[in-house]
Amino acid sequence: MMLGNMTFTQTILHELLRQHNMTKNEFIERFGLPPLVYVPELSPGAKTVTLVFYVIIFLAALLGNTLVVVVVWKNKVMRTTMNIFICSLAASDLLITIVCIPVTLMQNMLQNWIMGDFMCKLVPFIQTIAVASSILTLTGIAIERYYAIIHPLKVKYLLSKTRAGIILALVWVVSVGVATPMLFVHKAEEIHDFLYEQRFVTCQEKWWGQTQQTSYTIFNLVVLFIIPLLTMTSLYIRIAHRLWVQQPVGVTGNFAHGNSVRRKRQAVKMLVVVVLLFAVCWLPYHTVTVMNELTGLRLEEKSAKLLIAIVQLIAFSNSFNNPVVYAILNENFKKNFMTMLRCRVNRVSPQQVTPNTLQTPLEQSTRSCRLPAGAPNQQI
């Protein structure tokens, strides 16, 4: 705290109390001094709304993305190159769901950081990995679709399952590399308000200099958001031109060809929706982060806390969007999701087995839970 051109320290406080012959409380009341440390806190109403939405997002994202991984893992027919990429997306969303959402919720509920220095470093590290791997995986999917539709003769060589695995390994290595600075610039710090005798523990992001912090933020925005989105936009425009303009359904009279084009169109629609949702959900977060770095939010601290909580909530909501999109726009995923859910809910109990039943409850349950294979030509 500054008094004129003088920094207000504990030593100066004791000297002022001695000179004025006052207690600390009398001194505070006499001069109307505010706390030296102010940690903004959400209002009770905002906390309640935040809690409800975070719980909904957590449960929906955990269930949906787990179903995606299990469906692809258990069904050989579903293990296509693109579905391998989709599993990578689900893994990114599960990281955010399991690590980032609970800790961020706790941070919004409490004034003090109670998770220690390790979690203070881990959470932003994991969040950066997940966001970077998501956008790079989406770009990989767009490239895979581009070659599958525009250059179908090259796709089997250029993007086999093995090569897809190598590409995804590189995606995750790059994402870890991009996120590594988070381990060094975040730390849990105790702040002592010696005037009001309060102690707060906060998780702070402290760089070596403002230039490094701004450069890192701009790098993430441009290289890991704007450029990938522009790349995907260009690729999907070319794909759309090929499928909707150069290959109109019904012109050739070939029924099989028409069905193939329709399936490709449906897959492209689904992927474009996934990309749009990612962009819409993460754009507010990137915008607020860059504004804060370049100009400052210029808001009262409580309002800034609320704004950051809102954009975090919107960003995390993307974690459950993708499984919903797959269930609505892809028939294979929809059938497999329903089978998995029925498997959990409708298991046959011993009381349901009649004397005429030839199968044991276990056999009936196993048969009822078997995932539908789906025809190969229905894959996305």
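Quick reminder: no glycine exception, Cβ is built from N, Cα and C everywhere.
The topological domain 'Extracellular' annotation in Swiss-Prot covers 1-51, 105-122, 186-216, 291-305, and the record cites a curator's inference as its basis. According to Swiss-Prot, the feature N-linked glycosylation site maps to ASN5, ASN21. Look at Swiss-Prot and you will find 52-72, 84-104, 123-143, 165-185, 217-237, 270-290, 306-326 tagged as transmembrane segment. According to Swiss-Prot, the topological domain 'Cytoplasmic' annotation covers 73-83, 144-164, 238-269, 327-380. If you look up Swiss-Prot, you'll see CYS120-CYS203 marked as disulfide bond.
Long-range contacts of the transmembrane segment (84-104) within the same chain, counting only residues at least 6 positions beyond its ends with a Cβ under 8 Å from a Cβ of the stretch, are 54, 57-58, 61-62, 65-66, 68-69, 72-73, 115, 119, 122-123, 126-127, 129-131, 133-134, 137-138, 140-141, 144, 161, 164-165, 168, 171-172, 274, 312, 316, 318-320, 322-323, 326.
CYS203 (disulfide bond) carries a strand DSSP state (E or B). Its Cβ placed at the centre, CYS203 (disulfide bond) has 20 other Cβ atoms within 10 Å. Taken together, the residues of the topological domain 'Cytoplasmic' (144-164) have an average pLDDT of 79. In the three-state DSSP classification, CYS120 (disulfide bond) falls within a helix. Tertiary neighbourhood of the topological domain 'Extracellular' (105-122): same-chain residues 39, 41-42, 47, 50-51, 54, 99, 182-183, 186-188, 200-203, 309, 312, selected by CB-CB distance under 8 Å and a gap of 6+ residues from either end.
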